[in-house]
Amino acid sequence: MARAGQAVDPSPLGQPLEFHFARRSAPNRFLKAGMSERMCSWTEENPSARGIPSRELIETYRTWGRGNIGAIVTGNVMIDPNHIEAEGNPTIPPNALFSGERFDQFANLAAAARANGSLILAQISHPGRQTPSHRQPEPISASDVPLDTENMGNTFAVPRAATENEIKNIITGFAHAAEFLDRAGYDGVELHAAHGYLLNQFLSRATNLRTDKYGGTLTNRMRLILEIRAAITEKVRPGFIVGIKINSVEFQPNGIVPDEACELCCALEEHRFDFVELSGGKYKNLEEDDNAKHIISKRHEAFFLDVAQKVVSSLTKMKSYLTGGFRSTAGMVDGLQTVDGIGLARPFCQEPYLCHDILRGKIPGAIIPVMDQLNYQLTVAAACIQMRQIGNKVQPVDLSSQDAVDAITAAAEGWLKRKAIDRSEEAFKPPLLSGDAAPLSVEA
């Protein structure tokens, strides 16, 4: 198998990172970025029973916790079971109790992930217009701007603008989720304000056409996020970490541009966000977007590093992570000249102990997949399949092998067809590929 990079000194990546406002430290500069795992409970009939972490999901995070990742971010925790990104999302409903099966399973996940010293953070989110139309025919958003695309077999209904009362409920939902997670033993949360989800829909001029106090100027468009931050402060202990994920650039007219991202980051620092994770893009196949292809072809890794340099240049207290395209240790070390930490997502699905092996100088970087990395839906499906393999203690399928990629492609196509007609929990979970796969080591 081919790997990215050449041997370099990885020690800068092993340095602790202190979060100024929470007065907490991550043991190193790696961040496992949030992904949609789709391994929680699902039921058609009873929304209140949706989104309870499964044994498989807990085992996945136990494995990542063994890998010496500095900060581990769970994927896309929904705050409303009727507004979800995908079936199988972890969910904290607004009436969730601080006891019972849901609370216990979230607590078990946190304990498993942090058992070896990693920080565990939950990414909390509302999909807004990016909820499947067969799940929510009347989604809410900043405005009634439709999402004209298809993602993982899903289409999306035309949203309506959220009322001020609904906005208040959203703020309460985020704050309740943070309190729930704090009590369950999490070190912090990350607000998901990137990739086209609801908070991003309020930030972006492309989707926010409001004329009230939540629309127009950037000050108004970021108001919802800052009100959520204030509400969380009232519900959690002082040392609870609060971060946020934003797009540093968007591939659409009137989307977030670097100047706005820079202004936004200054406001986030002023309102005591501990870190910002910079990413880019929305629900759209990257192979269809010329601007995205240009950025990715220009930089073979660290796709948004040039933009990040401008965005974070004025920050003094809020820490910054950059996620998107890092594969070589050399590229990661170089990235630390611009940002404070390095976010990785899909590489940890292929190699859950990647961080451990890099920090010990055992490898020069991540395995290079032969799969087309611009094929958004296929790469997402592959990551979901690998995460479920990890949750079942099976070595993830090797995407540097064309035979394995062919198998993943066939499995992904079958998955999309199956979940279109079968509404059971098992049908919505990623396919479980085992075959001749070796058991996953319990030690990094």
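One-based numbering along the chain as shown.
Glycine is no exception: its Cβ is also placed from the backbone N, Cα and C atoms.
As given in Swiss-Prot:
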| type | residues | note |
| --- | --- | --- |
| BINDING | Glu37, Arg38, Met39, Cys40, Gln123, Ala345, Arg346 | FMN binding site |
| BINDING | His192, Ala193, Ala194, His195 | substrate binding site |
| REGION | 127-149 | region 'Disordered' |
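Between the alpha carbons (Cα) of Gln123 (FMN binding site) and His195 (substrate binding site) lies a span of roughly 13 Å. A helical conformation is recorded for Arg346 (FMN binding site) in the three-state DSSP classification.
Other residues of the chain with a Cβ within 8 Å of the Cβ centroid of His192, Ala193, Ala194, His195, the substrate site, are Ser125, Leu191, Gly196, Tyr197, Leu199, Asn200, Lys245, Ile246, Asn247, Ser279. Counted with DSSP, the region 'Disordered' (127-149) comes out as 0 helix, 2 strand, 21 coil. Between the C-alpha atoms of Glu37 (FMN binding site) and His192 (substrate binding site), the distance comes to 15 Å. For the binding-site residues given as Glu37, Ala194, His195, the lowest number of other CB atoms within 10 Å of the residue's CB is seen at His195. Sequence-distant contacts of Arg346 (FMN binding site), defined as residues of its own chain at least six apart whose C-beta falls under 8 angstroms from its C-beta, comprise Met35, Thr379, Ala382, Ala383. Calculated from their C-alpha atoms, the gap between Met39 (FMN binding site) and Ala194 (substrate binding site) amounts to 22 Å.
Separation of the C-alpha atoms of His192 (substrate binding site) and Ala345 (FMN binding site): 15 Å, rounded to the nearest whole number.
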